[in-house]
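Novice: Annotations per TrEMBL:
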ACT_SITE  Thr235  active site, nucleophile
BINDING   Arg263, Val264, Gly265, Asp266, Thr286, Gly287, Asp288, Gly289  substrate binding site
TRANSMEM  394-414  transmembrane segment
TRANSMEM  420-440  transmembrane segment
TRANSMEM  452-470  transmembrane segment
TRANSMEM  482-500  transmembrane segment
Amino acid sequence: MGRTSCLNQAESWTSTAVVCWIKRVCWARLGGGTDQPVVVPAYGHETENSGHYPIVISTWPFVEAVRAAWAAVDGGSSAVDAVVEGCSACEELRCDGTVGPGGSPDENGETTIDALVTMEVGAVAAMRYVKDGIRAARLVMEHTGHTLLVGERASAFAISMGLPGPANLSSSESMEKWTNWKNNCCQPNFWKNVIPADGCGPYQPGDRGNTCSKDNWVGVIELKSTHVERHNHDTISMAVIDKVGHIAVGTSTNGATFKIPGRVGDGPIAGSSSYADNEVGACGATGDGDIMMRFLPCYQVVESMRLGMEPKLAAKDAISRIARKYPNFVGAVFAINRRGEHAGACHGWTFQYSVLSVSAASEQDLWNGMLDDNRAKYGVSLERGPFDKRAADYLWMLIFGAISLLILIIKSIHIPVMAAIPPLGSPFMGPSLVFMIVYIWGREFPNARINLYGVVSLKGFYLPWAMLALDLIFGDPLMPDILGMVVGHLYYFLTVLHPLSGGKFILKTPLWVYP
């Protein structure tokens, strides 16, 4: 069946050490078939697109992990189930060698696991001998009153609850990497301002003396930021919104390569590597966890969205806060609100995140089909998108719009300036109600690409204004358009913007509207 990308695919892109670039990998499906990824570049510090749940979003192009989560949530599983399935698939596949067993050895050559899962919070850190990090985190969440278990005690807990172990989490690849690192005088590493006894420790506080060469010793004093990159310092962070609108997030990682034994990064820290709130949305992060966990960027993202920020601005704000204090840090976040709008922001490296949803395909096909000015189609898009399975809410929107327009039209008839300017005058309410729907559609799908008459291409947010301009050019009355925009904005403000900013939801659908 049909497939489509979230945006038009660019032919090529490059990255530099100065400018941060983001690529988004999008899947969208109509009917059956195999979902195929499309890599989409977005230039600058952030990227954004809109969609609707069920939806799966993850750091990096971890294709099989996203598909595993999608298979679960599309089959009716909960958001938590889907997150666990997705992250578990990444652990089994050892995504990039930075998730699951067999990668990222510490200074002793051992691989340990950090993981976290919410709707409530359960996490494990520096867990040895057990490869199923995300499942161990879920056991902590569901069977204890604690949030985080660490080290060998976390391993003992996981094994006692039925997970396989104890097992050696190292692999031939991780041991070869560790051996080469040892032969290079244990460079680079995470120590600073120390004196190594023989090049690889033990270390003592100090600033001189080393048995390795001076060039190698520089790395002992201070770890260079270039050491932090995707293939040695990465996390899968995943968010899922299920069919009933519940949101869950999870992370899994084997931490930084050649970390000091006992180190715990941001992976198992709620609010840093990931965070979710059913009323607002979710966030996932990846990068230099030692820096990022000092700022709880994902908690910041979700709280910014709670105050009314769009995902794009919330993501960019969280990253900017860190970059102002640590300009050489490397990291990224994705943000998704409960309406399915998502965005990403990064600093210091090339970042990709992956998205899979059904609604993105049906909406895109509808957007591509809008080559004329058939405004009724936008109402169909709203019914199939944000008002899907919310028939009463959609009816209430129309009732509210009709009543508001009736009041405004009666008032406008008695305004002399309206009668004096023919293009503004119109006693009919139907066109205004349709234009209200167009305005609300533009706010719900602000980044949809619209092609009007095959001549003008623009984002959905600007569609009402473009139509207003066309009516002015063709001499059609402007008053219906203006009234529709006013009422549409009033409805959107009272039902979305005001509640998101912490205000009271005063326009709830009354019970008498429900069948």
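Cβ from N, Cα, C; glycine included.
Automatic, uncurated: that is what TrEMBL annotation is.
Surface or core, plus neighbours and distances: that's what I need for these features.
Specialist: Using a 10 Å Cβ-Cβ cutoff, Thr235 (active site, nucleophile) registers 32 neighbours.
Within the same chain, residues at least six positions away from Val264 (substrate binding site) with a Cβ under 8 Å of its Cβ are Asp114, Ala125, Ala126, Val150, Gly255.
Outside the transmembrane segment (482-500) by six or more residues, the chain places 280, 305-308, 339, 397, 400-401, 404-405, 408-409, 412, 424, 431-440, 443, 464, 468, 506-507 with a CB less than 8 A from a CB of the stretch.
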Novice: So which binding-site residues are near Thr235 (active site, nucleophile), with CA atoms within 10 Å, out of Arg263, Thr286, Gly287?
Specialist: Thr286, Gly287
Novice: Could you tell me the maximum Cα-Cα distance in Å between the residues recorded as binding substrate, namely Arg263, Val264, Gly265, Asp266, Thr286, Gly287, Asp288, Gly289, rounded to a whole number?
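Specialist: Of all Cα pairs among the recorded substrate binders, the widest measures 16 Å.
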Novice: Taking 10 A as the limit, how many CB atoms besides its own sit near the CB of Gly265 (substrate binding site)?
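Specialist: A count of 25.
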Novice: Any idea which of the binding-site residues Arg263, Asp266, Thr286, Gly287 has the thinnest Cβ neighbourhood at 10 Å?
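Specialist: Selected from the binding-site residues Arg263, Asp266, Thr286, Gly287 on minimum Cβ neighbours within 10 Å: Arg263.
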